[in-house]
Amino acid sequence: MSTSAPVTVTVTGAAGQIAYALLFRLAAGGVYGKDVPIRLRLLEVTAATGAAEGVAMELEDCAFPALASIDITDDPAVGFDGASAAILVGARPRGAGMERADLLTANGAIFRGQGRAINNHAADDVRVLVVGNPANTNAYIAQRHAPDVPAERFTALMRLDHNRALSQLATRLGAPVGELDRVVVWGNHSATQFPDVSYLTRGGVPVTEGLDQQWLTDEFIPRVAKRGSEIIEVRGSSSAASAAGASIVHMRDWVRGTPDNSWTTVALPSKGEYGTVPGVVTGLPCRSDGGEWEVVEGLEIDEFQRPRIDASVAELVDERDQVHALGLVD
Ligand SMILES: NC(=O)C1=CN([C@@H]2O[C@H](COP(=O)(O)OP(=O)(O)OC[C@H]3O[C@@H](n4cnc5c(N)ncnc54)[C@H](O)[C@@H]3O)[C@@H](O)[C@H]2O)C=CC1
Ligand SMILES: O=C([O-])CC(=O)C(=O)O
């Protein structure tokens, strides 16, 4: 039997596609481990609380030993009350032909209200992961409405991009994906992102062969950056299980630490690291010791990387300016 204190975890968009893949892994112990009891709070719009009730019934039917309780609400003040983790999935997904930034007007307001509710009601140790698109700028909006929460507790999901990059590289190199490390995806979770193999290792050894520049520029970078659109075209709706899986490992690594000498990609409010623009929520190479994310320091940036990082960060600055112009952030 578990002796740990229960942790309150809030998931928004609980009746949606991603949540349907996420909640069961969370309740099974995928983030905190099997021995830490979880109190789940499901936050949905009023019209979808009935469907969230159905998901809760299925969660009950799994009899997960670590699932202590489930509450469903349409009120952010209740939903985030005492939350130590807040996974903000609830938002409209894009359809074919849309870019994620097209969702800014539709979804931005959600994150203003939720940022305020997190500020006023969440636990002091709250960790926030924004999944709903455009994820980086939604995280920026939420963070700016939560002045009492340390800025670095607001993150956006770029682990899916990171995992997509690892998988493409594993196929190209004929390597087990678990042997590869030190990939980073800089910038925005958008088509401008820069999946970067400059520091790639296989089994701890730098990879110097098998990845020619032409393949990287013409195939790898655009393939990873446009994978979300490719999934929408082929599947008919946006990535769900892979987004849920990435969310679980993002939170797991944050809470329980990244493996020794390993790193991952996290979108965090920039402090100006690697020439990025302070404040915007950008993909950076990060490690965790189970406390806070720490940006990996001391990497060299060359003339191939610089303009690609700058272009994606410029898009984040543009989105930031748009949300200020829309009145979503003062
Ligand atoms: N960052 C990433 O890597 C990825 C992000 N996404 C994004 O995640 C979001 C969710 O995707 P899906 O689950 O497929 O969408 P979905 O449409 O299946 O589910 C979204 C759910 O959010 C709920 N919702 C809407 N407004 C809400 C609010 N104010 N409070 C609480 N719940 C609210 C809806 O009622 C719906 O049940 C989309 O914006 C999508 O673009 C999707 C894949 C990857
Ligand atoms: O592309 C989308 O709209 C959904 C998403 O963020 C992804 O799959 O990376």
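Backbone N, Cα and C define each Cβ position, glycine as well.
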Quiz item: Out of ASN107, ASN120, which does TrEMBL tie to the same NAD(+) site as GLY13, ALA14, ALA15, GLY16, GLN17, ILE18, ALA19, GLN114, VAL131, GLY132, ASN133?
Solution: ASN107
Quiz item: At the level of the C-alpha atoms, what whole-angstrom distance separates ALA15 (NAD(+) binding site) and ARG100 (substrate binding site)?
Solution: 21
Quiz item: Just checking the recorded positions GLN17, ALA19, HIS189: which sit within 10 A of ARG100 (substrate binding site), CA to CA?
Solution: HIS189
Quiz prompt | Position of peak Cβ density within 10 Å, selected from the recorded positions ARG94, ARG100, HIS189 | solution = HIS189
Practice problem: Return the residues near GLY132 (NAD(+) binding site), defined as same-chain residues 6+ apart in sequence whose C-beta is under 8 angstroms from its C-beta, sorted by sequence, else 'none'. | Solution: THR12, GLY13, LEU88, VAL89, GLY90, ALA91, ARG92, ASN107, ILE110, PHE111, ASN138
